[in-house]
């Protein structure tokens, strides 16, 4: 008797689960109709029986899977389509390698700080013809994520037909999505940037902040881009995520002497040896500033931010309240993303981010 009851109970459980699935799907379906009635008003599936309800679930779910990409393309505005396409590529890249998030943020910074946000850093060198920014000392064997931007560009082309978006725009979106993916505050990214038909090798050397820069040099470089001291300290907070090459940060003159023991690098430095920039390198948090206040910032250029009363005050503000830092960082990134290309630059919307278009469109 007990055996039969247990089987009956099991059978009733399966029936209950099936009915619950039908009810949930029906409620979801009705919610979709409420939201998109004009699209679905002629669809009226029959849920009167368990058999037809379960069959409808299986059929509609299979159709939904096959048609999801097409449906999204039809429903999204052109701008939203671009954001969705880029975000999917960025999320996938960071899921595969968390470090990539910091790399994409840095790539956007290194693009904008050299002659404005013009995608110049993405241009490959051409032997004997063109030397760009990728192999300049601040970027050589260091800047990375080019392939992610290329994938995002192709995804936009495939997913959002008849939408023209620059590679500089894609860099800006990818950086924003990386910040959010790693736990930072998201922020708005306006589209409309253009891509330069050239790059500036020497500009990367002269305009980008370096790990050995003292505070005076850093202030001048940020002032040249119209950033305040507070914005400079906020943007330095990008070092709350990511790694740097040991040969860059764990060498005399670049590393903060007080943090020398934190450099987890081998005695023989190679470009493949990496040093995390704070103690939580995959989380967009305030630990970078906590480390600075404890005199444990890794890079010399970071630790000197505590050597001046004004900048040290901002470091303390951010160490005391992560939300203040996240808000200021987001605002500074928006401002940085608006840095214009050099006056007179020849501009276009590149078809492929790593090379200029075969024939230039008129200057934009």
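The backbone N, Cα and C atoms fix where each Cβ goes, glycine too.
Per Swiss-Prot, the feature signal peptide maps to 1-25. Per Swiss-Prot, the feature N-linked glycosylation site maps to 36, 127, 162, 200, 214, 226, 264. Sequence annotations record features per position, and here Swiss-Prot assigns disulfide bond to 81-160, 112-117, 167-353, 246-265. Residues or ranges marked as site 'Transition state stabilizer' by Swiss-Prot on the basis of sequence analysis: 106. The annotation active site, proton acceptor is assigned in Swiss-Prot to 110. Annotated Ca(2+) 1 binding site per Swiss-Prot: 111, 114, 116, 118, in sequence order, evidence recorded as sequence analysis. The substrate binding site annotation in Swiss-Prot covers 209, and the record cites sequence analysis as its basis. The feature heme b binding site is assigned by Swiss-Prot to 239, with sequence analysis given as support. Swiss-Prot lists 240, 278, 280, 285 with the feature Ca(2+) 2 binding site, giving sequence analysis as the kind of evidence.
Checked against residue 112 (disulfide bond), the recorded positions 81, 162, 240 differ in C-alpha distance, with 240 being the nearest. The number of other CB atoms found within 10 A of the CB of residue 117 (disulfide bond), across every protein chain shown, is 27. Note on proximity: of the recorded positions 110, 116, 214, the one nearest the residue listed as 'heme b binding site' is 110, by Cα distance. According to DSSP, residue 81 (disulfide bond) is assigned to a helical segment. Rounded to a whole number, the C-alpha distance linking residue 240 (Ca(2+) 2 binding site) with residue 160 (disulfide bond) is 34 angstrom. Separation of the C-alpha atoms of residue 116 (Ca(2+) 1 binding site) and residue 278 (Ca(2+) 2 binding site): 28 Å, rounded to the nearest whole number. Counting only same-chain residues six or more apart in sequence, the Cβ atoms lying under 8 angstroms from the Cβ of residue 106 (site 'Transition state stabilizer') belong to 143, 145, 238, 242. Set side by side, the binding-site residues 111, 278 differ in how many other CB atoms lie within 10 angstroms of their CB, and the most is found at 111.
Note: the Ca(2+) 1 site is recorded as 111, 114, 116, 118; in the same chain, 112, 113, 115, 117, 119, 120, 121, 168, 196, 339, 341 also have Cβ atoms within 8 Å of that site's Cβ centroid.
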